[in-house]
Each structure stands twice: as C-alpha cells, then as structure tokens.
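Among the features that TrEMBL reports, compositional bias 'Basic residues' is placed at 46-55. Under the heading region 'Disordered', TrEMBL lists 46-79. The feature compositional bias 'Pro residues' is assigned by TrEMBL to 61-79. Here TrEMBL flags 203-326 as domain 'Nudix hydrolase'.
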Amino acid sequence: MSIHLRAHAFAANPLRGLAGGSPCPSAADALRSLLDSTDAHHHLSKVLPFRRGRPLARSPDPSPSPAPSSAPPPPPPPAWRLAWLPPSRVPTGVPSEAFVFLGAHGEADGKEAAAYWAVDVSEGDGGAGDGSAFVDLRTLMVAADWRDKDTMGDLAIAGHARALLEWHNTAKFCGACGAKAVPTEAGRRKQCSNESCKKRIYPRVDPVVIMLVIDKENDCALLSRQSRFVPRMWSCLAGFIEAVRRETLEETGIEVGEVIYHSSQPWPVGPNTMPCQLMVGFFAYAKSLDICVDKQELEDAQWHSREDIKKALTFAEYEKAQRSNALKVNQICKGVERGQNTSSGLTVESQEPTPMFVPGPYAIAHHLISSWAFEGAPKVPSSFSNL
C-alpha cells in the first residue's frame, strides 16, 4: 500500500525563528532570558541536551487497555517524545556559547512564545534520568509513528538540532584566514574572531542526489544494493550532487535521458562527516537497459517490475519495525538497555518475509519508489518541495 505523509521525516519542524518586537523577542533577548534565572521570561526557555549526537528522549508506558471479551488487537506501542529540560536542570559548567537557538513555538492571545534550545553535554554528566535517556537518532526515526504529527514534529526538531550541534563541533575555524570562529546570533551562525577578517560563517548543507531510474517501456524501476544494507533490502541510487545522469552511468552503466524533480528531505542521520545532508530526489528515465555494476560502489543493481515493487512495499513489515523500535526506546528510557548500541534494529521482518523490501516511510527513497509504484512518475516537474 502507499503511505502518504504530510511532509518527509525531518522536514516538518514546527518551530520558527524569533524576530524583534512584541510578542516575539529577538534571539539576543531570548539568550539573556535563558542565562539569567531572574529574568521574567526565564521560565519560557526549554533546553534539549545531546550526548554524542543523541538527543534526550522520554517514553512513558502506554495506558493499559481494558480487558475485552475476545482477543484484542495489540495495544499501540509507546510514543516517544523529546525530553525538554528547564535551564536549571542543564548540567553545570556548560558555557553560554554552547547553547544553540532552535526556534520558538506556542504563542497565542498575545502571550510570548517559549524559546527552544539545544546544547551538547557530551563532556559532562547528568541530564538523563526520571524516565529519560539519550537515544540514537536513527532508532528514534524508525520508532516514530509517521501518522503522529507531534512525534514527527519532535523528530524534525531533533534532526535540526543535531545538525546544528555537529556543525558547531566541526566548524571551529575560519576557512578564509584560519582564526577561531565564535558563535553569534544565539548559535545560528559563527563569525571569524580576526578583526581584519570578520567573515560570517553559516551552517553547512551537503546536498546529495537520490534517483529512481525508470524503464518506461517495460514498466520497471532500477533498484540497487550496497554491501552495508541488511539482507533483502533494495533502494534507489544515490550520490553527490554533481549530476543524476553521471552518477547513474558511473554506478550502473545505464544512460539516463529526462530527469524530473520529486522532492527533498533533510537527512541529519548520515555520516558524522556530513551531518547536514539534504537529499534531493528525482525520477530519471533510462535510455539504455544493460546494467554494468561498479562493484566498488554497489553490491548489485537490478530492474524490478512494478508488481514486484508493490509487494516489497509491505505495510505490515514497516509497522512491525516501528513497533519493535518504539518498545526498544521505551526500554532504553527505563534504563534496561542503556549503554548498548542502539543503531541496530533497522531490519524489517515478518513471519513470512517478502523476497525484498525497500526503506521505510521515514526515507525519501520509500516515497520515490512508492509514488512510482502506485501512482506513476509525473511527466512534468512537481510543484511541492516537502513531499
């Protein structure tokens, strides 16, 4: 079946920037309120700690269902939420420049909005407890209920925060003169400390193309496997932003003609060297069909029929993966699995596994494939940018 989201995972951030004037203070005013416990607006500050790239999350147990007369369906898995802390609960010793402004939310009827912040506490202790824990963002991604607007909003906030913090951890020096770069505007950018340079430095974005190559005449799509994939998983081709046509030709030997934009997705769960990826999705129509796989890039690439791909888009498998990871997050927050590796568990399984499956609804690859399988690729550029 086809799964439709309001927006891609990580793209539905409900927070907005602050501007000068009432009822919205400037970012500088928000930072002063955060750091000054006597400030009248100090209580409106909310902080999300991160430890080694993992946000603080909580996962309360779901309410027990009443006992029915017949066998009931399984209860919904526990829904995780970000564990926002008041400034007083942030571990001591965190410098003021370590706080990164994420945005504001919740203003109504002239009341001032709460200001949301992220901070890296990897070097200190504390932060977790009271049913919360630092959880790997990929695990939260798979555990997120894609039908729950609030959970998807939290996922987008966590992804944005992680990308900003990782950028702050790597962009420590000016690329023009080599002097130290210091945070400014509440962490939304940096500036060179060299008085003769003062270069403004903004968060980095690493664009990556991802494409579903289509054989229009034979009603097939080209899917590939990488050696790091779990068994039975196939996905779209992807590569750096230089060109859809060139990447496809280099990795599979397939010549591509028409290329049509589909949508884009922030992807803050890529390699640590590229924490701010932007996946730019395309449909690409093949002009040749003979596959010649570059074994240094791919394990395999094959043409798959529309019917086979529809079978691979099995809702039950994605739902089971979401449920098992949601329960895993719940156990981590209870302290049962704290300290264990939480980046595993992305394999989707069922009692009778399908011969193949594609990435889940949290990935743009899923929606490229699903859109073609159930709706067909558009013949004109699409007008949406989120999904």
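Cβ coordinates are placed from backbone N, Cα and C, and glycine is handled just like the others.
TrEMBL does not curate its annotations; it predicts them automatically.
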>> Return the average pLDDT for the domain 'Nudix hydrolase' (203-326) as a whole number.
In response: 91
> Counting each residue once, how many in the compositional bias 'Basic residues' (46-55) are helix, strand and coil under DSSP?
Replying inline: 0 helix, 8 strand, 2 coil
